[in-house]
Structures are given as C-alpha cells and as structure tokens.
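Chemist: Next up is a structure, given as structure tokens.
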C-alpha cells in the first residue's frame with residue numbers, strides 16, 4: 001500500500017541556499033542564491049514557502065523561522081561532480097554522475113570546431129552563447145551566402161547548429177549534428193545536448209522550422225522514473241523534465257512557456273486522477289535571471305511563484321505529498337554567468353501532516369528524493385540515496 005497516491009515534485013531551477021562544502025573546488029566560495037537575492041530585495045516576501053519551513057532551514061532577510069512549520073525541511077548536498085541541470089536532475093532520480101557536463105560561456109574550443117569543419121566540409125560561424133532568434137538576425141544572411149554553419153550555445157550544456165533548409169538540406173544538417181554528437185562525447189567537451197536548428201525565410205524575416213532535432217544523452221543508468229513507468233505508475237513530466245531525461249521513464253509530457261505556465265500545468269495535474277509522480281521544473285529562475293545576473297528579476301520571480309502556492313495547497317489531497325527542491329545554485333550576485341555549487345532546500349508537505357513538520361537530517365545526496373519516491377511506490381530502490389519516507393509522520 002503506497003503511503004502517498006500522488007507525489008508532486010517541484011524543482012525550482014537554480015534556487016540554491018548557500019555554498020556547499022566543496023564550493024571552493026568549483027570557484028563558488030561565498031555563493032548564496034536565495035540569501036543574496038533576499039539582501040538585494042531588502043527582504044524577500046515568500047510567506048507560503050516560509051510557512052512550509054524555508055526560514056527554518058536558514059533565516060534570510062524577510063524569510064524567518066516559524067514556530068510550527070507545515071512541513072518537513074532540510075537542505076541537500078550534491079554528491080555528483082557537476083553543477084549543471086542534467087547532473088542535478090539525474091542525481092535527484094537516483095544516479096551518481098562523475099563526469100560533469102561542460103558549459104561554454106566563451107564559445108567552443110577551436111580544436112573541436114576545427115575537427116567539425118574538417119569532418120563536415122563546412123565553415124563554422126558564430127560560436128558564442130546567443131538566443132536562437134538573435135543569432136539568425138545577425139548571421140542568417142551570411143550563412144545563406146556562404147553555406148557555413150551557425151554554431152552557438154546557451155547557458156546550458158548545448159551545442160546548437162543552425163542552417164537554412166534551402167542551403168543545407170535537412171538530411172545533411174542531421175548528419176552534421178550526429179558528427180557533432182560523436183565528437184562531444186569526449187570528456188573534455190562533454191555536451192549534454194546537440195540540437196539541429198533549421199530555419200527558412202529571407203534576411204530580416206527568418207523563422208525556425210519545426211524540423212528541430214535533438215541529439216541528447218540518455219541517463220547513464222536506470223532512474224527511479226524508469227522503475228515507476230515499468231511498474232505501470234504515471235510519470236507526468238512538466239516543463240523541460242522530459243528533455244532532461246531524454247524521455248526515459250516518462251508516461252506523459254506537458255510543455256511549458258514560463259514559470260507561471262508551469263504552475264498552471266501543476267494545478268492541472270492536481271486536478272487529474274493518477275497514481276505516481278508529477279515532476280515539474282521551473283526554468284525561468286535559472287535561464288532568465290540567474291545566468292543574466294539579474295537579482296531583482298530573480299527576486300520578483302520567486303515572489304510570483306510563492307504567490308501561486310495557495311492554489312497548490314488548496315488542491316492537495318490527504319494522500320498527496322508535495323516535495324519542493326532545486327538542482328543547483330545560480331547566484332545572480334556571484335561573478336561570471338555560470339551555475340554555483342550550493343546546498344539546495346528540501347521542503348516536504350502533505351495535508352495529512354496534522355501536527356506539522358520538523359527538521360529532517362541533512363541529506364548527503366539529491367538521490368534521497370528518488371529513494372523516497374521509490375520506497376513510497378514499492379519499486380526497485382536506486383543504488384544511491386537514502387529514503388526519508390518513514391520520517392514523514394502523518
């Protein structure tokens with residue numbers, strides 16, 4: 001008998017809660033995503049997260065301890081060697097990743113691009129982080145005239161290749177991306193995803209076509225999601241969750257356009273009758289505010305998210321469990337534009353917790369979440385992680 005019929009897991013992408021013990025190895029001493037945002041905002045207004053116990057993990061400006069938190073609270077330390085989205089999420093679902101995925105804020109190394117040019121017979125232009133629409137405005141015409149390939153990246157571990165469909169036929173573009181995928185399996189380049197980005201149109205009016213193709217990496221082992229799906233439980237992936245796991249262990253995928261759309265979809269799943277896991281990633285914190293080093297925007301986004309939580313609380317059933325966490329930090333006050341190696345918060349709440357919650361022991365790996373989900377549904381336990389299911393008292 002499952003303790004909880006439905007588990008709703010929410011990952012606030014990049015919402016770290018202070019430097020991890022190994023932060024110095026990552027160049028992240030002093031990083032503190034929520035703490036620094038709270039200082040910048042002269043106090044964060046997150047009353048619903050506070051009720052759950054956020055300030056009991058650690059007091060920050062505007063975020064105080066409460067006498068009787070509604071839920072259980074602690075923080076988690078990442079065990080894997082990376083601080084990227086895929087590593088964090090894969091660890092949450094029970095894997096340990098010892099090869100970090102690389103990000104390329106300065107563009108890709110010359111030796112990689114030289115090899116790609118040699119193997120494809122086409123010149124490469126671009127080679128920088130950019131938005132897909134902006135890079136087409138800037139380089140689309142040159143690409144058409146020269147037959148070169150526009151290579152660009154983002155704040156995530158991706159290598160994207162754009163070409164006009166009438167200049168580089170789709171079949172050729174897909175072959176080129178397969179070559180790039182092979183080359184970037186090398187540990188020194190380890191890229192999470194290669195994406196074909198075909199476009200059409202004329203200068204000043206380029207549009208990306210639906211013929212995008214992703215060459216992702218499947219998780220390096222079976223995750224708790226695979227075990228759930230194989231045991232006929234529902235695994236509803238909201239936002240970029242399905243992409244992060246390359247569809248592995250997913251029974252239904254709901255795309256989102258923004259954090260608020262993500263919260264809408266979460267409310268939709270709360271209205272659904274299912275047994276299993278609903279897994280939401282809220283990416284805006286990271287993509288729009290963390291990497292762009294925008295503490296004001298980040299703080300406002302956190303407050304907007306918090307304001308949506310009463311809708312979630314109102315729809316939770318007695319046999320539901322809500323888990324809120326993050327996958328890494330991305331301190332908008334920290335130098336650079338990269339993620340930061342931090343502890344992440346963990347809040348656990350169910351309406352069945354009539355006495356409220358208390359502090360859980362510090363979690364030594366994000367995989368404790370996967371272990372807890374696995375134990376709840378009686379599926380094979382992951383190799384890594386310790387369940388805290390029995391510590392959650394009704």
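A Cβ is built for glycine as well, from the same backbone N, Cα and C atoms used for every other residue.
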Chemist: Among 334, 339, which residue does Swiss-Prot annotate as binding Mn(2+) 2 at the site that also has 286, 291?
Modeler: 339
Chemist: State which of the following binding-site residues has the fewest other Cβ atoms within 10 Å around its Cβ: 291, 328, 339.
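Modeler: So among 291, 328, 339, the binding-site residues given, the one with the fewest Cβ atoms within 10 Å is 291.
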Chemist: Pop the Cα-Cα gap between residue 13 (Mn(2+) 1 binding site) and residue 286 (Mn(2+) 2 binding site) into the table, whole Å please.
Modeler: 6
Chemist: Would you please pick out, from the binding-site residues 13, 286, 327, the one with the fewest other Cβ atoms within 10 Å of its Cβ?
Modeler: 13
